[in-house]
Amino acid sequence: MRLACSQPSWSRACRPIVAREPAPGDGADARTFDLIVVGAGSGNALVGPEFAHWSVALIDDGERFGGTSLNAASIPSKMFVHVADVAAAAEAGSRLGLSASVDPVDWARVRDRIFARTDAVSDAGLLFRQATSPNVTVFRETFGFEDQHTLMSASGVRLRADRIVVAAGSRPRPLLAAYDPDPAILDSDEVMRIESLPESLVIVGGGPVAVEFAHVFSSFGVDVTIVTRSERLLRGLDVAVSERFTASAAQRWRLLTEELVEAIDRVGDHLAVTLESGTQLETEIVLVAQGRIPNTDTLGAAAAGFDLYSDGRLVVDSRQRMLSRGAPVPGLYALGDISSATKLKHVANHEARVVAHNILHPDAPIGGEPGPVPHAIFTRPQIAHFGLTEADALADGIDAVAVTQDYRHTAYGWATEDETGFCTLVVDRDTGELLGAHIIGPEASILIQPLVLAASFGMSVRGLARGQYWPHPAASEVVENALLKAEEAL
Ligand SMILES: Cc1cc2nc3c(=O)[nH]c(=O)nc-3n(C[C@H](O)[C@H](O)[C@H](O)COP(=O)(O)OP(=O)(O)OC[C@H]3O[C@@H](n4cnc5c(N)ncnc54)[C@H](O)[C@@H]3O)c2cc1C
Ligand SMILES: NC(=O)c1ccc[n+]([C@@H]2O[C@H](COP(=O)([O-])OP(=O)(O)OC[C@H]3O[C@@H](n4cnc5c(N)ncnc54)[C@H](O)[C@@H]3O)[C@@H](O)[C@H]2O)c1
């Protein structure tokens, strides 16, 4: 297998920048702006027309402009997932009386269609900022804090502002094992741009990145092995969902649980992966999917005196203000992966709206989450969830009841011959309100939304199913029936 580029396309040669002790007069020779935004992912979206009269420095060191979601995460990965879904649906046709198969996947066409679209959006976004946003100056290199209001780049550019937004995101956590750098040991930033499909892939990790890419590559005919230290995949989810998914995954992928990678060695065309148990795997490429670490180190955030969690995230209050020694630092805000415990794009987007409002309207600040945060995982089958599991609710001393509706007992489930899908609702017996919902099955990412709506607006499940029409025989009848069961159980 050849890689599209010998260097990881997303690697940044950024060294930690250690801040000096702030000194009086520091930053005097710096270029001064009304606002500095570090990170052109969700941070770029924050700078709307309402900032037209502000001078803004927009800093981003990514090889492609526009942040992780556009260039290396949610958007391209879901474009690959769509192709994988089409391939998987064709393969599944035999159970329904349809003979269909997938010819060898034209990887180059699949990949190039996706990146032609996202690269064009990235290029257009940069052009918009550089050519048609006269108040915005774009800086394309790594910056670090010199003091709490001054940033300095490796090349010596110094910028200063009273208001700074830190939206610098996160990066893949490196593999803790003995290995020499090898172009076939990849992270999620890199794996989508490989030159050709490998015959085999070992994925290290058991979270969303692992299971989404396992679905993509296995649907494209790659022999996939997952190595995870946990006893099952997606361990943070509702236990029944995690168990059902793990059982289904084990039928399609080689699954090695409670295993750690000890070493990776190159042997000719292949990599030899040695696990702590002594098991040896031979593979063409390895995908490291062991979570992400916030970019606070490259920013020198600790040395600048900002409060950090033990996992390296910036501490912010409900208004997204950055803290130093427990107190908000005037004018400084953070958002997205660099500060949020929930590393999701819709969370970063919401926080960007909060920050923009609070900068523009300091006398009428807003903050906090608008409701439960849904999380959809685009693997096969899809998974979506929010809120508490039944076990969480009981542990919190809440009088909760949980009900489960299987897909296979609905007309949609008959049509698709679904055997694995279900929807579990966790409901507060006192109020009838939804505390959580956990869905595994086709269209889960869409089916979750009426439940998010009900929970966000404090609706009781009483009357929720009967008080509206549900199109028959759509997948949404799974949710309708679950709500009817919940009402009966109260
Ligand atoms: C493979 C994958 C799939 C995902 N799929 C989904 C999904 O389906 N749905 C979902 O909601 N979420 C998904 N996520 C998570 C989502 O991508 C992130 O939560 C989101 O991109 C975070 O956005 P952000 O604005 O915080 O940071 P980013 O978009 O990462 O922006 C930060 C920017 O700051 C720049 N930067 C960092 N440090 C510095 C510095 N010191 N100086 C200058 N610039 C700097 C970086 O180059 C980067 O461009 C996925 C993540 C991955 C890895
Ligand atoms: N559909 C989506 O919304 C989506 C898709 C992909 C990624 N994401 C986001 O991107 C982030 C990264 O995803 P991820 O799957 O890489 O991370 P994750 O943190 O969810 O999972 C990481 C996996 O690696 C394992 N791991 C961590 N450290 C390890 C170590 N030292 N040794 C062995 N195993 C280790 C964990 O046990 C876990 O199985 C997540 O926060 C997720 O929310 C979201």
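In case you wondered, yes, glycine gets a Cβ from its N, Cα and C as well.
Per TrEMBL, NAD(+) is bound by G205, G206, G207, P208, V209, A210, V211, E212; the candidate from G125, G278, G291 named for the same site is G291. Checked against ligand 1, the recorded positions G205, V209, V211, G291, D337, H472 give V209, D337 as the ones with a Cβ under 6 Å from it, listed in sequence order.
Nearest in space to K78 (FAD binding site), taking C-alpha to C-alpha distance over the recorded positions G207, V211, G291, H472, is V211. Of the chain residues outside the NAD(+) site list G205, G206, G207, P208, V209, A210, V211, E212, G291, I203, F213, L233, L234, A289 have their Cβ within 8 Å of the site's Cβ mean position.
Neighbours of V211 (NAD(+) binding site), defined as other CB atoms within 10 A of its CB across all chains, total 26. A 10 Å cutoff on Cβ-Cβ distances gives D337 (FAD binding site) a total of 30 other Cβ atoms nearby, all chains included.
Sequence-distant neighbours of G291 (NAD(+) binding site): residues of the same chain at least 6 apart with a C-beta under 8 Å from its C-beta are P172, R173, G205, G207. For H472 (active site, proton acceptor), applying a Cβ distance below 8 Å and a minimum sequence separation of six or more within one chain yields A411. Between the CA atoms of D337 (FAD binding site) and V209 (NAD(+) binding site) there is a gap of 15 Å, rounded to the nearest whole number.
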